[in-house]
Amino acid sequence: MASSPPKKTLNSQSSSLSRPPQAVKFGRRTSSGRIVSLSRDDDMDVSGDYSGQNDYINYTVLMPPTPDNQPAGSSGSTSESKGDANRGGGGGGGDGPKMGNKLERRLSVMKSNNKSMLLRSQTGDFDHNRWLFESKGKYGIGNAFWSEEDDTYDGGVSKSDFLDKPWKPLTRKVNIPAKVLSPYRLLIVIRLVIVFFFLWWRITNPNEDAMWLWGLSIVCEIWFAFSWILDILPKLNPINRATDLAALHDKFEQPSPSNPTGRSDLPGVDVFVSTADPEKEPPLVTANTLLSILAVDYPIEKLSAYISDDGGAILTFEAMAEAVRFAEYWVPFCRKHDIEPRNPDSYFSIKKDPTKNKKRQDFVKDRRWIKREYDEFKVRINGLPEQIKKRAEQFNLREELKEKRIAREKNGGVLPPDGVDVVKATWMADGTHWPGTWFEPKPDHSKGDHAGILQIMSKVPELEPVIGGPNEGALDFTGIDIRVPMFAYVSREKRPGFDHNKKAGAMNGMVRASAILSNGAFILNLDCDHYIYNSKAIKEGMCFMMDRGGDRICYIQFPQRFEGIDPSDRYANHNTVFFDGNMRALDGLQGPVYVGTGCMFRRYALYGFNPPRANEYTGVFGQEKAPALHVRTQSQASQTSQASDLESDTQPLHDDPDLGLPKKFGNSTMFTDTIPVAEYQGRPLADHMSVKNGRPPGALLLPRPPLDAPTVAEAIAVISCWYEDNTEWGDRIGWIYGSVTEDVVTGYRMHNRGWRSVYCITKRDAFRGTAPINLTDRLHQVLRWATGSVEIFFSKNNAMFATRRLKFLQRVAYLNVGIYPFTSIFLVVYCFLPALCLFSGKFIVQSLDIHFLSYLLCITVTLTLISLLEVKWSGIGLEEWWRNEQFWLIGGTSAHLAAVVQGLLKVIAGIEISFTLTSKSSGEDEDDVFADLYIVKWTGLFIMPLTIIVVNLVAIVIGASRTIYSVIPQWGKLLGGTFFSLWVLTHMYPFAKGLMGRRGKVPTIVYVWSGLVSITVSLLWITISPPDDVSGGGGGISV
């Protein structure tokens, strides 16, 4: 036998030399206490509880030959192996030590307290799988005993190599089942073919009796087919995604050689909340959003919160100060009892049992106390307006008396005849003038003219946890980290003559200020009424950013979920067809569009830089993919770098040419210095050979430097109104200006540079917010979105001018974003066509023959099947899908049409469009949470849908009268016109119901007058235009 190199000796050899070797036996204990051997030896009689030398709790098991544990050379039989094992190393013979070394490598020493029965297999051999299961053992070296003296084998293999956990991805794709997706795609192709042949048949078979009806219908149907193609093509590849929070925790928050203390190695996150008007966006709602952010489950020292008050209102300022004080109790309470959701208003409003899954004995006492504190907090917030006004009156009165005293002293004890002029200022609690907007606006103190304000309300937390004590304001926070993340109030400077660019300008101001103060590598932006519903939402998004290939992701978009919607969702406020259907499908392409809130950005991508790697798509349909040549890779950057410490993939970028242009980012060197730091901190860990552009583990463990006066002063300087002059802010950097839908444009520009985005649907909703349930507010919201789309279509952001880095189907999706409002023109015409048919007694086709009906049936059936399969893979409900179809018609004939008109006026005549904020407050009836649903607020957007309803109702009556009084009734044309009129009216039902108000019923007088008017109009129409008595074959249904 060939000699083997010396190996490490197990301790079982030394123990075998000190006492006689014994055979390995397995046994079980009977009910009488007798031990029955399960080995091939005779039964053993052991008295007592496993006494004597036969200790069956600590035993040695000989590993049988397995595919991954084969002995060197020829393997002997089981009995020979047992004999060699019994002889150990004490036997004579030249092969004894060699065989002993081989067998020692095959031994597994196991300490077990498992007293269960180890059964043999049916073949009579020892059931090793059963033993592995019961002993939780492993094959091979994994359960071997390692000596403390020497920790390495020959060849450099060490114990740590076996203890290291395997590399695990943080995310994975979950494909839609083929049994759903394949028929879905097939039906789309089939419907495309049917639509093509239908349109060809319609064009080649004109209606000679009514060419004008035929022409209008043909144009509308061709556009509808084109619009449907733009909408359906991006849905060909929907996907789902899943995250692994446990793997994220193990990789970034567990002790390791590079992180001995187990401190979090996750990058920093800055959370932005935007508000503008405390009257339409109540401070209590904003305060609850802030509390949910401060209590989020993310490393406290890595989280920073910012609120942008674009109105500069002292009410918002003091409400946030109250919220921070309440957060000192609310945040530790949430951590102690694992509260969900961490918005106090939503948490105390849930209907389910609050004690479910709560195990701490003091939970009920703590909840009762914190509930009382929250009620008092709400009272203080509600009383702030009156308190601030009283304070201003007192201080103004004091100033007036002071001025009068000074005037008397100067005028010989007599007041001047013209009195004393005292400015009615708004005062802060410390007795100083509020630098923002006053209750009585004055120069330098109005909404469009005030100084920049930045207040750090919650300081930068300590690096190490601060553990609470048993008496923290009547709560026991022993063992609980009581730190609160940093929070800053920001109100940018506004001056007359400057274009402040609405919300986009406010967001860019926060980007610069936060870069100076905290410089989180990622930015999460939320509306003031969208709070964090899932405390682990940020970690869910971080799984994508920190995973392999995450350095190419520009943002993570979360779906928007809403509360306070009426149960029937009359106006499709949940918008699940878009968020669960369209957005999920875009995730299978280059990523979802940015929808304004609930989005986590990579700060480096917001600065307008290109991704580290990108592809270009050429060919008619973008089928040819090649790496983008003008994207500098890290290896190319290191070749041109002169500094030796920049030659590695794991070092920050300092040589990007964009960083050498101060006019691009502004004249703040402190700000430009933060850019490479943010880029470096946003890289994934370089813990696997497949990870590109990574950073070494443990690089983000250092504490943040404390804030000093020069740093805060620089942060105030970068939010000044003149800072963006001669820069590219709003053009290439940050949120893009020039559109009321700055969110879509900002996301489009990132995709156009080659970045990709990800859609993150969490099991528990990540964020929740409110949506307008009033018909007028809902239509104005849709009007703003549609107007922005029209602006996009007539701008350089049109997808037709996109670069080759945008995928073909992604380009189609963005093209649809700019085109969909124009469908309203054809939709309005098509909604009047049934009425025109009934008025004229004609139809869009010559007759309802078998060809037309067959095409109509096939198109309808395929569309229904496609919709059912879309409901299947998207998870939406049929009722939600139907509500979306209804509101598509309502919005298309009202808000979308108005958006096209406004967009054309802006492009042609230069007329600017102004929009008001959507109110976040509820109706006056506090007992009815859906009070806003029944409020009827007249708007010009009602005119067109109302006209369509009235005209179609009258047309049905006229058509019926015409057919009844005809000598030869043409029932086919009446049936066709009436069917399509009812189709229009069915879609308009939610609109009509919204006009009925709270009662939900039409008054009887309306029915009476409608009937009288319809009969009168129909009789007049028949008198003026009597029915055609000429018989013809066009009236029936020909086969």
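From the backbone N, Cα and C atoms, a Cβ is placed for every residue, glycine too.
If you check TrEMBL, you get these features:
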ACT_SITE  Asp310  active site
ACT_SITE  Asp743  active site
BINDING   Ser274, Lys280, Glu281, Asp310, Lys502  UDP-alpha-D-glucose binding site
BINDING   Lys503, Asp527  Mn(2+) binding site
COMPBIAS  9-19  compositional bias 'Polar residues'
COMPBIAS  69-80  compositional bias 'Polar residues'
COMPBIAS  86-97  compositional bias 'Gly residues'
COMPBIAS  633-644  compositional bias 'Low complexity'
REGION    1-101  region 'Disordered'
REGION    629-667  region 'Disordered'
TRANSMEM  182-201  transmembrane segment
TRANSMEM  213-233  transmembrane segment
TRANSMEM  813-844  transmembrane segment
TRANSMEM  850-869  transmembrane segment
TRANSMEM  941-965  transmembrane segment
TRANSMEM  971-992  transmembrane segment
TRANSMEM  1004-1024  transmembrane segment
Number of other Cβ atoms within 10 Å of the Cβ of Asp310 (active site) across all protein chains: 22
Report the nearest neighbour of Asp527 (Mn(2+) binding site) in space among the recorded positions Lys280, Glu281, Lys502, Asp743, comparing Cα positions. Glu281
Check for me, if you would, whether the transmembrane segment (941-965) reaches the transmembrane segment (813-844) - at least 3 Cβ pairs under 8 Å, residues 6 or more apart in sequence. yes
Residues outside the transmembrane segment (813-844) whose C-beta sits under 8 Å from one of its C-beta atoms, at least 6 past its ends, are 207, 209-210, 213-214, 216-217, 219-220, 223-224, 227, 230-231, 234, 582, 586, 589, 593, 744, 748, 751, 786-787, 789-790, 792-793, 798-800, 802, 806, 889, 892-893, 896-897, 899-900, 903, 944, 948, 951-952, 954-956, 958-959, 962, 970, 972-974, 976-981, 983-984, 1021, 1027-1028
Grab the same-chain neighbours of the transmembrane segment (182-201) for me: Cβ-Cβ under 8 Å, and only residues 6 or more beyond its ends, written as numbers and ranges. 218, 221-222, 225, 228-229, 232, 236, 851, 855, 858-859, 862-863, 865-866, 869-870, 873
List, in sequence order, those recorded positions among Asp310, Lys503, Asp743 whose Cα sits within 10 Å of the Cα of Ser274 (UDP-alpha-D-glucose binding site). Asp310, Lys503
Among Ser274, Lys280, Glu281, Asp310, Lys502, listed as contacts of UDP-alpha-D-glucose, what is the widest Cα spread in Å, to the nearest whole number? 16
Tertiary neighbours of Lys502 (UDP-alpha-D-glucose binding site) (same chain, Cβ under 8 Å, six or more apart): Val740, Glu742
Which one is it: of the recorded positions Lys280, Glu281, Lys503, Asp743, whose Cα lies the shortest distance from the Cα of Asp310 (active site)? Lys503
For the binding-site residues Lys280, Lys503, the largest set of other C-beta atoms within 10 Å encircles the C-beta of Lys503
Can you figure out which of Lys280, Glu281, Asp743 (the recorded positions) comes closest in space to Lys503 (Mn(2+) binding site), comparing Cα atoms? Asp743
